[in-house]
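Annotated features in Swiss-Prot:
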DOMAIN    27-216  domain 'RNase H type-2'
BINDING   Asp33, Glu34, Asp126  divalent metal cation binding site
Amino acid sequence: MKSIVEQELLFREKSVFEDQAIKQGYSRIAGVDEAGRGPLAGPVVAGACILPGGKLFLGIDDSKKLSPKQRRYLYELLLEDPEVTCGVGVVSVERIDEINILEATKEAMVQAIASLRSTPDFLLVDGLFLPHEIPCLKIIKGDSRSVSIAAASIIAKEYRDELMRKLHSEYPEYGFDKHKGYGTVAHLQALKQFGPCVYHRKSFSPVKESIREGICQ
């Protein structure tokens, strides 16, 4: 567990891109990230987040580096803070199969930005150049380098996990509540046994193979 001083230093380090944008005259800087590009099932979800300048949010980090308990706490903290603006975009399995996962991810990000109650004037995007009328900076591994993108990653991850738990209630045999659609050994075994359901991405290789083998719900 990091001390308060260490957490403050980490927050400052992760605010460099935001500080640079402020110096350039921007004031509403949104971090944008996705969750669910790699899974075999479920939608891809994007989060967008505008943090208020001058306010510390200790503990915010790449969602993958946080424990489920830490991530949930920060998710609720961000949503409940009236000074924080959060948005979410969701693109369905059908759309992923139609346009491919990269384009679907971009579409989810555009949706997330559009859903913000305050329109940003600058975007910090994790790993992708996003064609958008709002000025945009692509940051490789942005969820580890920008506090706004890290916040967006938490929003996207928690929101998607909730969706996958709902899908689990419809199709408990796949274990979506545990692996969230990723290609774990248990998921691949279930796919082999039961075939794909309506929430599987038919354009992804292991799902394609099960369809070719004639295994289906």
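Cβ atoms here come from the backbone N, Cα and C positions, even for glycine.
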Taken over the domain 'RNase H type-2' (27-216), the model's mean pLDDT: 95
Output field, divalent metal cation shell: CB within 8 Å of site CB centroid, site Asp33, Glu34, Asp126 dropped: Val32, Ala35, Ala46, Gly47, Met109, Val125, Gly127, Leu128, Gly142, Asp143, Ile149, Ala152, Ser153, Ala156
